[in-house]
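Feature annotation from Swiss-Prot assigns active site, proton donor to HIS133. Look at Swiss-Prot and you will find SER119, ASN135, TYR136, ARG137 tagged as substrate binding site, backed by sequence analysis. Annotation source Swiss-Prot lists divalent metal cation binding site at HIS123, HIS133, HIS167, HIS197. Residues or ranges marked as region 'Important for dimerization' by Swiss-Prot: 287-322. Per Swiss-Prot, site 'Important for dimerization' is recorded for HIS197, and the stated evidence type is sequence analysis.
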Amino acid sequence: MVRSLVRRLLGRSQNNGTAAPALELPPEDSRARARAMVMGLQDEICAGLESLDGEGTFVEESWERPEGGGGRSRVMREGLVFEQGGVNFSEVQGQELPPSILKQRPEAKGHPWFATGTSMVLHPHNPYIPTVHLNYRYFEAGPVWWFGGGADLTPYYPFLEDARHFHRTHQAACDSVHPDLHKVFKPWCDEYFFLKHRGETRGVGGIFYDYQDSSGVLYKGQDPSGPAAGVSAQLGARPLGWEQLFALGQANGRAFLPSYAPIVEKRHPMAYGDRERQFQLYRRGRYVEFNLVWDRGTIFGLQTNGRTESILMSLPPLVRWEYGYKAEAGSREALLTELFTKPQDWLGDASLEDRCRPHGAIN
């Protein structure tokens, strides 16, 4: 009843003395549909990952949040492929928004809020298999609503075709909704998953988007002079309705297994030794640094009294730091740090093959 009243009040025209709303109103069942979508993604992805691993299974733990909402955390440990992996679902609500949200959307101040999403991080045993992350979410606060999400790949050893396959698959998912989305969401991913204190990206990127509503502004990040902002400004407004943005999250969520499973199947049989394992553990340190220092999802979860175990489930089980480490010149480890932790045009730059070929890092 309350939501219907809000919809009627916000829907008044200027003839009634009130300006029409800037945003399209979400459907009456928006929360239920968003919840069902992300829960469905969690189920589909967990089933696919158990099949991919062949031995490991997810153990589920349900939890409730005293202020409202809850979720279910699923963790796999010591599988055949995955050393540790977690796939979360959460649905939380409250009366007062945390500072991390109000900084971005001050117009949401004073409204009860609702958020639901699924997130996942997988840390494989084999250093030749990349770590991978995804997150798809929906948020409402009074008249304000938006979708956000993305997926990114973090290799420990460089393979050009792995990066290209991951990007190609997510580009196709974005293009199924609108052909201009990937042009902004790819550089936005490079921008977001960037360790400023290290001057490097977390990996080869993928896609990232946030605060997507019917306003049509594709880039709503924090670097107005960056590549993503530039592309967005050049393209201009691309108004997408609630249904299209819902379809975007669903399409990219369902693109995850096709984007990642072929990489796992190709790299899992590759033999590795202590050198590769030690480098993997060292590079995992960058993952920890990003998640604890820069990640807005981690900050939001902690500021809203989320479940700490679920929030920090993304961290790897083992990691190491080494003071002043430098990769051996000309090594594959050096290629990773020189090429695969810098923003690249993975699908359009043919010169990447020339740089990867001497290291056997194409296929």
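The first residue you see is number 1, and the count goes up from there.
In case you wondered, yes, glycine gets a Cβ from its N, Cα and C as well.
Distribution of Swiss-Prot features across the structure.
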{"residue": "SER119", "record": "substrate binding site", "Cβ neighbours (10 Å)": "24"}
{"residue": "HIS123", "record": "divalent metal cation binding site", "Cβ neighbours (10 Å)": "23"}
{"residue": "HIS133", "record": "active site, proton donor", "Cβ neighbours (10 Å)": "24"}
{"residue": "ASN135", "record": "substrate binding site", "Cβ neighbours (10 Å)": "22"}
{"residue": "TYR136", "record": "substrate binding site", "Cβ neighbours (10 Å)": "26"}
{"residue": "ARG137", "record": "substrate binding site", "Cβ neighbours (10 Å)": "21"}
{"residue": "HIS167", "record": "divalent metal cation binding site", "Cβ neighbours (10 Å)": "24"}
{"residue": "HIS197", "record": "divalent metal cation binding site", "Cβ neighbours (10 Å)": "10"}
(message) Using a Cβ cut-off under 8 Å, which residues of the same chain at least 6 positions beyond either end of the region 'Important for dimerization' (287-322) come close to it?
(response) 63, 65-67, 71, 73, 75, 77, 83-84, 86, 88, 90, 92, 94, 98-101, 119, 121, 123, 131, 133, 135, 154, 193-198, 202, 278, 281
(message) Using the alpha carbons only, what distance in Å do you get between the residue listed as 'active site, proton donor' and SER119 (substrate binding site) once rounded?
(response) 7
(message) Roughly how many Å lie between the Cα atoms of HIS197 (divalent metal cation binding site) and ASN135 (substrate binding site), rounded to a whole value?
(response) 24
(request) Would you mind reading off the Cα separation of HIS167 (divalent metal cation binding site) from SER119 (substrate binding site), to the nearest angstrom? (result) 19
(message) Between the Cα atoms of ASN135 (substrate binding site) and HIS123 (divalent metal cation binding site), what distance do you get, rounded to the nearest Å?
(response) 16
(request) May I ask for the distance between HIS123 (divalent metal cation binding site) and ARG137 (substrate binding site), taken between their Cα atoms and rounded to an integer number of Å? (result) 22
(request) For the region 'Important for dimerization' (287-322), would you mind checking the mean pLDDT of the predicted model? (result) 86
(message) Summarise the region 'Important for dimerization' (287-322) as counts of helix, strand and coil residues per DSSP.
(response) 22 helix, 0 strand, 14 coil
